[in-house]
Amino acid sequence: MSDLNSQIPSTFDPFADANADDSGAGTKDYVHIRVQQRNGRKSLTTVQGLKKEFSYNKILKDLKKEFCCNGTVVQDPELGQVIQLQGDQRKNVSSFLVQAGIVKKEHIKIHGF
(Lines of atoms letter the chains of each structure in order from A and count residues from 1; the text may use other names and numbers.)
(Lines give C-alpha, C1' and ligand atoms only; values in the text may rest on other atoms or scores of the structure.)
Protein backbone atom coordinates (compact mmCIF):
# COMPACT_ATOMS: atom_id res chain seq x y z
CA MET A 1 0.00 0.00 0.00
CA SER A 2 2.86 2.38 0.66
CA ASP A 3 4.01 1.93 -2.95
CA LEU A 4 0.79 3.54 -4.19
CA ASN A 5 1.22 6.54 -1.91
CA SER A 6 4.71 7.17 -3.21
CA GLN A 7 3.42 7.37 -6.80
CA ILE A 8 0.69 9.91 -6.07
CA PRO A 9 2.07 13.42 -6.60
CA SER A 10 1.54 16.13 -4.06
CA THR A 11 -1.66 18.13 -4.27
CA PHE A 12 -1.95 20.16 -7.42
CA ASP A 13 -4.15 23.20 -7.66
CA PRO A 14 -5.12 23.81 -11.33
CA PHE A 15 -6.53 27.24 -10.45
CA ALA A 16 -3.45 28.51 -8.61
CA ASP A 17 -2.19 30.59 -11.53
CA ALA A 18 -5.71 31.99 -12.15
CA ASN A 19 -5.97 33.07 -8.52
CA ALA A 20 -2.52 34.63 -8.74
CA ASP A 21 -3.69 36.73 -11.70
CA ASP A 22 -6.71 37.93 -9.71
CA SER A 23 -4.56 39.02 -6.78
CA GLY A 24 -2.78 41.60 -8.96
CA ALA A 25 -5.98 43.11 -10.29
CA GLY A 26 -4.57 46.63 -10.10
CA THR A 27 -1.58 45.77 -12.29
CA LYS A 28 -3.51 44.30 -15.24
CA ASP A 29 -6.65 46.15 -16.17
CA TYR A 30 -8.79 44.35 -18.69
CA VAL A 31 -11.51 45.72 -20.91
CA HIS A 32 -14.47 43.35 -20.76
CA ILE A 33 -16.76 43.11 -23.77
CA ARG A 34 -19.95 41.18 -23.08
CA VAL A 35 -23.18 40.34 -24.87
CA GLN A 36 -26.51 40.16 -23.03
CA GLN A 37 -29.62 38.60 -24.47
CA ARG A 38 -32.66 40.87 -24.32
CA ASN A 39 -35.74 39.25 -25.86
CA GLY A 40 -35.97 37.06 -28.92
CA ARG A 41 -33.14 37.90 -31.30
CA LYS A 42 -32.32 41.22 -29.66
CA SER A 43 -29.10 41.63 -27.70
CA LEU A 44 -26.92 44.25 -26.00
CA THR A 45 -23.14 44.60 -26.12
CA THR A 46 -21.50 46.14 -23.05
CA VAL A 47 -17.97 47.53 -22.83
CA GLN A 48 -16.55 47.89 -19.33
CA GLY A 49 -13.14 48.70 -17.91
CA LEU A 50 -11.88 51.50 -20.15
CA LYS A 51 -9.54 53.95 -18.45
CA LYS A 52 -11.20 56.95 -16.85
CA GLU A 53 -9.02 59.37 -18.83
CA PHE A 54 -10.91 58.55 -22.05
CA SER A 55 -14.08 60.38 -22.98
CA TYR A 56 -16.74 57.69 -23.02
CA ASN A 57 -19.15 59.88 -24.96
CA LYS A 58 -16.66 60.44 -27.79
CA ILE A 59 -15.84 56.74 -27.99
CA LEU A 60 -19.57 55.96 -28.02
CA LYS A 61 -20.18 58.48 -30.79
CA ASP A 62 -17.47 56.89 -32.95
CA LEU A 63 -18.73 53.36 -32.25
CA LYS A 64 -22.30 54.30 -33.14
CA LYS A 65 -21.20 55.93 -36.39
CA GLU A 66 -18.87 53.07 -37.33
CA PHE A 67 -21.30 50.19 -36.70
CA CYS A 68 -24.62 51.91 -37.53
CA CYS A 69 -26.20 51.08 -34.19
CA ASN A 70 -27.55 52.98 -31.21
CA GLY A 71 -26.00 53.06 -27.76
CA THR A 72 -25.63 54.84 -24.46
CA VAL A 73 -23.26 55.33 -21.53
CA VAL A 74 -24.64 53.97 -18.24
CA GLN A 75 -23.29 54.85 -14.79
CA ASP A 76 -23.09 51.74 -12.58
CA PRO A 77 -22.27 52.09 -8.85
CA GLU A 78 -19.92 49.06 -8.83
CA LEU A 79 -18.49 49.05 -12.35
CA GLY A 80 -18.31 52.77 -13.09
CA GLN A 81 -19.21 53.88 -16.59
CA VAL A 82 -20.31 51.18 -19.03
CA ILE A 83 -20.92 51.61 -22.77
CA GLN A 84 -23.99 49.77 -24.08
CA LEU A 85 -24.53 49.15 -27.80
CA GLN A 86 -27.44 47.55 -29.61
CA GLY A 87 -26.79 44.18 -31.22
CA ASP A 88 -23.92 41.72 -30.96
CA GLN A 89 -20.94 43.99 -31.68
CA ARG A 90 -18.25 42.12 -29.68
CA LYS A 91 -15.77 41.49 -32.50
CA ASN A 92 -16.40 44.88 -34.07
CA VAL A 93 -15.78 46.74 -30.80
CA SER A 94 -12.68 44.68 -30.07
CA SER A 95 -11.08 45.45 -33.44
CA PHE A 96 -12.13 49.12 -33.21
CA LEU A 97 -10.50 49.60 -29.78
CA VAL A 98 -7.26 47.98 -30.98
CA GLN A 99 -7.11 49.97 -34.25
CA ALA A 100 -7.85 53.24 -32.45
CA GLY A 101 -4.99 52.56 -30.03
CA ILE A 102 -7.23 52.75 -26.97
CA VAL A 103 -6.45 49.23 -25.71
CA LYS A 104 -3.91 46.55 -26.61
CA LYS A 105 -5.28 43.27 -27.92
CA GLU A 106 -3.97 41.25 -24.95
CA HIS A 107 -5.92 43.46 -22.51
CA ILE A 108 -9.33 42.66 -24.04
CA LYS A 109 -11.55 39.86 -22.73
CA ILE A 110 -14.56 38.90 -24.83
CA HIS A 111 -17.38 37.13 -22.97
CA GLY A 112 -20.55 35.55 -24.25
CA PHE A 113 -22.14 32.56 -25.89
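Keep in mind that glycine also has a Cβ here, set from the backbone N, Cα and C atoms.
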Can you dig out which of the ranges 1-23, 47-69 TrEMBL describes as region 'Disordered'?
1-23
Count the residues of the domain 'SUI1' (31-101) that DSSP assigns to helix (H, G, I), to strand (E, B) and to coil, and report the three numbers in that order.
22 helix, 26 strand, 23 coil
